[in-house]
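Single-structure report; data block below.
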């Protein structure tokens with residue numbers, strides 16, 4: 001009791017003496033950790049921009065970065081839920097490889113026999129087959145972990161070997177290519193981008209969604225008479241959100257088709273070749289849209305649905321969750337099933353991008369996925385983590401790698417740097433958490 | 001208590017063993033509406049185990065449970081909740097990383113017509129219930145781990161009464177608390193009692209519960225030593241029951257009573 005009263009007094013006192021920066025963060029309720037990550041990302045970008053002599057912050061490089069990140073980012077959204085419940089999934093890279101191979105064989109060898117080559121339904125059926133395969137593998141892992149009591153580390157370590165081996169057996173080690181033309185749109189590239197107009201529409205819809213979400217939350221809190229954010233804070237949040245969305249669309253629309261593809265397109269459509277070249281914007285790439293959609297859906301699942309609430313409660317206190325009547329085992333099974341399905345989506349993106357399904361697809365991706373989640377603030381002790389943070393984590397890792405490639409750093413050294421960054425990021429996070437207490 | 005009334009809970013001849021050890025051996029306890037029964041005994045006397053059978057955390061090997069005079073099947077915590085049995089655990093069974101409202105509704109979340117979590121409605125109800133229990137409670141948006149022991153305990157208690165518990169089990173409810181917080185929990189127990197809720201208080205420390213309880217049941221080595229009304233016995237006599245298994249004259253001996261020559 002006494003400390004309740006004290007803390008109330010403290011809060012009041014704090015409110016009066018707070019410096020403007022502090023007050024700004026409290027009023028806007030911005031997650032300072034997430035902001036720290038964005039800060040780190042900006043530092044990385046600016047230092048690469050300077051050290052590469054202006055090669056890094058170009059629309060082309062940024063656009064490529066988003067495409068390269070999307071596969072790991074999709075898996076990272078699921079890895080957050082896995083790690084939040086104090087589990088780990090070491091098999092995601094191998095499951096990606098296996099699903100990729102299954103989808104490759106389905107669209108290149110099996111489905112064309114029945115539907116004919118290039119049938120418009122092939123991509124959808126292929127994706128469905130991949131999703132079912134991935135979800136089934138994930139469900140199997142989950143069942144073993146939840147009901148046979150084998151630790152997830154071991155089950156998925158076994159899975160890492162089993163599914164990599166199984167990938168080989170699907171085609172006896174042969175690479176499958178090429179992929180279905182429609183399926184390939186999921187890989188990005190000139191074709192797999194939605195163009196300028198559609199990108200602006202996506203951007204505007206996103207802005208409207210941000211404004212609607214802010215208004216809705218405010219109306220709800222007003223209805224029940226809860227404390228609300230100051231109005232200026234709402235404007236700041238809405239403004240920053242919209243500027244970021246529209247900035248992203250602008251960058252995607254400033255990256256134009258390569259000259260030779262544009263010329264071929266001009267010839268094919270009888271467009272006169274203008275002075276200075278035909279500038280056709282790429283717009284947002286399809287895999288990036290898929291990753292963003294995965295991020296939004298997973299955020300919705302983890303924050304708005306019962307299932308997500310249970311995931312976090314189990315991570316915080318498994319015993320309390322069980323005593324509260326939550327079927328913790330089934331929650332575990334569902335988490336791993338979801339993870340498997342996300343591996344299949346990531347596999348679709350990466351096979352489509354490569355235009356082939358290979359044996360080695362997704363090797364080491366488990367480590368990048370886990371690293372992305374952890375850099376993004378998911379605690380291995382369980383209970384904390386955000387989807388947005390994990391996706392940002394994936395983006396940070398990809399930025400580092402891409403920047404080092406631009407600098408011409410050898411790949412062994414790249415790994416050394418990425419490894420060190422992982423350790424340093426987690427150490428900084430530990431320091432931050434200790435302070436926050 | 002009122003002897004002609006049907007007991008709210010009657011646990012008859014309950015037994016459970018773990019690996020050949022009789023953790024609870026032929027134990028019987030009962031509880032009437034609006035009554036506080038303290039279940040006392042040393043650590044390892046079997047009191048927590050007995051009560052975990054009632055709350056559905058353990059499955060009994062033998063014996064029966066009657067709720068309002070009717071046999072009840074309790075196989076898991078969800079079954080127990082259906083009978084209005086709510087438990088506040090010794091280990092403060094709250095999920096540390098989510099906020100008070102999420103803890104109050106854990107496992108029984110309110111949902112909007114679209115099936116999503118109705119956080120606003122849950123927070124509104126949480127504010128109402130917590131306002132009744134602990135008017136100074138303000139920290140609804142913070143994870144529970146940021147709260148003090150007493151605040152966390154009030155979250156746990158609010159969680160129990162929110163769902164109209166008729167039978168409340170409190171396992172060492174004040175063990176983790178300071179003196180003021182303990183007094184507050186005591187007030188709370190009296191309030192719940194007036195509302196006709198039956199409460200089992202479990203403790204190894206007689207001083208924690210003697211003044212709150214209407215009756216005591218003492219356990220030793222998995223057996224019930226005896227029952228007594230607190231008005232009929234002194235603290236020293238109850239201590240004798242706990243330590244030696246010696247049953248005073250005004251108490252009802254159980255199977256675990258020391259055999260007098």
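Cβ from N, Cα, C; glycine included.
When the ranges A:90-111, A:310-331 are checked against TrEMBL, the one recorded as transmembrane segment is A:90-111. Here TrEMBL gives transmembrane segment for one range in the set A:194-215, A:414-435: that range is A:194-215.
Take the transmembrane segment (A:235-258) and the stretches A:62-83, A:90-111, A:117-137, A:144-163, A:194-215: counting Cβ pairs under 8 Å, A:194-215 has the most. Long-range Cβ contacts of the transmembrane segment (A:278-301) within its own chain (Cβ-Cβ under 8 Å, at least 6 residues beyond either end) map to 63, 66-67, 69-71, 73-74, 77-78, 80-81, 185-190, 192-199, 202, 248-249, 252-257, 262-263, 265-266, 271, 307-308, 338, 342, 345, 349, 352-353, 386-388, 391. For the transmembrane segment (A:335-356), the neighbouring stretch richest in Cβ pairs under 8 Å, chosen from A:90-111, A:144-163, A:368-395, is A:90-111. The transmembrane segment (A:90-111) makes contact with the transmembrane segment (A:144-163), as judged by at least three Cβ pairs under 8 Å among residues 6 or more apart in sequence. Note on the transmembrane segment (A:144-163): residues 82, 87-91, 93-95, 97-98, 137, 328-330, 332-333, 336, 366 of its chain, located 6 or more positions outside it, place their CB under 8 angstroms from a CB of the stretch.
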